[in-house]
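According to Swiss-Prot:
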- G629, P630, N631, M632, A633, G634, K635, S636: ATP binding site (BINDING)
- 822-863: region 'Disordered' (REGION)
Amino acid sequence: MAQSSTQQRGRTPLMRQYYKIKERHPKAILLFRMGDFYESFDDDAKTVSRLLGITLTERNNGDADDVPMAGFPHHALDSHLPKLIRSGLRVAICEQVEDADDSSGKVVDRDVVEVVTPGVSFHDQLLNPKQSNFLAALHFGTGRDKDRIGFSFIDATTGEFSVTEAGLDQLQDLIQTVAPSEVIVDKRKTERLQQHLREVPFTVTEQEDWVFKYDFAYQTLLEHFETHSLKGFGVDDMDLGVVASGAALHYLGETQKGALPHVRKIKRYSKDEHIALDPETKRNLELVQSIQDDGHEGTLVSILDETETPMGGRRLRAWLVRPLRDVGRIRHRLDAVEACVDDRTLRDDLREELNQMGDLERLAGKVATGRAAPGDLIAIKHTLRRLPNVLGLLTDADSDALGAIEDDLRSCPEMVDRIQSALVDDPPAKISEGGLIRDGYSEELDELRTIAQEGKDWVANLETEESERTDIPSLKVGFNKVFGYYIEVTNTHADKVPEDYIRKQTLVDSERYVTPELKEMEEKILTAEEKIETLEQELFNELRSQIAQQTGILQENAELLAHLDCFAGLAEVAEQHDYTRPSVDDGLTIDIEEGRHPVVEQTLPPGDPFIPNDMALDPDDEQVLIITGPNMAGKSVALRQVGLIVLLAQVGSFVPAEAAQIGVVDRIFTRVGASDNLAAGESTFLVEMNEAANILNNATARSLILFDEVGRGTSTFDGLSIAWAIVEYLHERPEVAARTLFATHYHELNAMADRLERVHNYRIQVSEHEGEIVFLRKLIPGGADHSYGIEVAKMAGLPDAVIARAREVLQNLESQHLEVGADEADGAPSEDPPSEDPPSGDGVRAKKGEADAVPDLEDSQANQMHLFGQPDPAAEEIKEMLGEIDPNRITPVEALMKLAEMKETLAD
């Protein structure tokens, strides 16, 4: 807030200083260091008081009005800061940068030393050890690039810095994959950002438009990397990406108030290197977040994460949301995992060594930015000390993949020796506490310590000597920060006090004195201790700077150890859960024998074994598998487990199956279940159609599609028609002939297997005995012809009266209204009892391969159930509309418009 000169003159010098600093950080909560407290004022104080639950008071402001104030002790910063940041706030930490004793009566100099934001923080209390904390920058293109974006993301704690360019329609995918905590954007484009995202699960920070100018961004990057061009990083042709990257780096520098030497390179992030996973797929497969509560339990990462280090855990999460497409890289990872699976001793020994290591990746960032405390350097020492053992294990391993890590890993004995010789084994948490430098490291420091210790020994002896000399048995020698050293005598012995004692302080029951000799020794001790503190600070800073010069080596070691941790962890999972190595190639065949769902099999009750299933997909014969069966029988699990097995294989992990051949996929699509997006005004059906349209418009012949209950969000005929048309579309269009699993409750779709040569029917096996059903969860060839809806309702606990009445109504409807003729194989339910044998399909009129043949909707409609009398006349009009539709020509948009027209007809 701008302050007039009149306002400034009316305030106290301290408050004038506060407002001057606050003007530079108007959008941040300013925590203003005053002695042992952090204080906040005005609106900041009200916010701090409300969020932290601390008292709101007032502070005198000279001739101006008193101002609201709220504060807390400086040592409570670590507990209060997370609450402020997790509320989406920016916090500017203002410290005293001058010793109060040196201020000569004027206001102590203060300055902001750090701005903490959701996306930029080095505070351990704000960070999840096994999750990256990304700051992202988004730049919208203009002109011919109006439908493109530049997107950059950086983790301040590790120095990881990446950039990409993409179509605007891929923004949601990028956000979901990177999961930034904060996104910076041109303040003029905030609304546009919100328009293109269904939800904004991060803090949006607006920046001035000049931050997003190409020349400024380009120069910012050149100055930081100290280069003449960006060609060496392979990003010089990404104009939009350069702007986003420069904006991100500028913002990071502004918040951290210093150099960022650990940000050593910028990488080109190419979506073509990874499987494309849209937000719906990540959510439906529950890779890192549970559908139920967005938590950790029940996710794929909760089963797979057996890593021993935080950096390994972060790397594993990145692998899961960005699986590889390159067969060579996938096989390299599989080779490394296999080496750890085959050699149990090697795996156990590696994991034991990794378990003793610190988070070298983030420790390197702390050292480089001057934030490392003594304990951080000790953690680096302990980690590096383990490397010779790791190298020895890798040398003995018979694996080229692990040998590649051995070749690049550096043990850094000089760095270990330097830290060992300089720091005590268990240093204090803060440098100011002293006693962190080891004896013998500095001759000057040793001399000062000797002086201080001899002085303290003299003081300790003084108490005994003076007690004997004065015959005062209760005489004590003490020290406090205000009066220094003193001799304390109780009032009982006041008459024995010698004349050379000088009274210093009077207490209720005693008096405190000093002597010339004691004051002289006090000055000697305090001078030595002051010099010790200063020298220890200098020595530690020098040591930290020396280690910082090796930041690059630390980061490279951290990356290699993170990979090794992932390999050993994935091997441990494979051993524990009986996974097998998949065969991965560039073909288009997916063939899984005895596959299992990696999460569900671990969460079943004891004694309830998971039933494995085979699954084979290929573009020449079994391109589309239609899976029918009752609700609760396991259709959705079967679909998801195929998606997860394929994903795990391309991560480079072993898979839960007896055997698996995986032809790499470029995308995994899922349309699973029914859900509303009410916040965006989208119904269940519209959400379904949006997701289906995304799949049909973006799938390729190398994609994997998992459709579950498409069309459930609308009427039976609408849903059936759309489901039928989607299957035909995928079958008949070579450019989108993706490998597809299509789970459905529309038994009419079984007829498609006789019409389309690459469509096959499968069903979930069900056993019936004396009116009771058992879901066997086994996938077998053939289509189901019974839904078992009433049986499922009974299992769900509906009252017996409701179940009995439902059976009565069903029997009446089947006997009176389902007049099935010679065309019963076209999809109408049969009156015959359910059979385990797959329907033959002999009664289907169209021959296999006749894609133009569609079900006779008029005949099918005539067979439908009319519970409340004759059909509505509006239905006849809708029949005519349907008869005019050519499913092979209508577009998804036209289909939606036609459905809307039909609904209006019914409403009329």
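Count begins at 1; order follows the chain as displayed.
Including glycine, each Cβ sits where the backbone N, Cα and C put it.
Fair warning: this is a prediction, and the values are worked out from it, not measured in the lab.
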Excluding its own, the Cβ atoms lying within 10 Å of the Cβ of G634 (ATP binding site) add up to 25
In all the protein chains shown, the tally of other Cβ atoms within 10 Å of the Cβ of S636 (ATP binding site) is 19
Students should find that the Cβ of G629 (ATP binding site) has, within 10 Å, a number of other Cβ atoms equal to 28
P630 (ATP binding site) has its Cβ surrounded, within 10 angstroms, by a count of other Cβ atoms equal to 21
Per DSSP (three-state), G629 (ATP binding site) is coil
When each of the binding-site residues N631, K635 is scored by other CB atoms within 10 A, the minimum falls on N631
G634 (ATP binding site) falls, by DSSP collapsed to helix, strand or coil, into coil
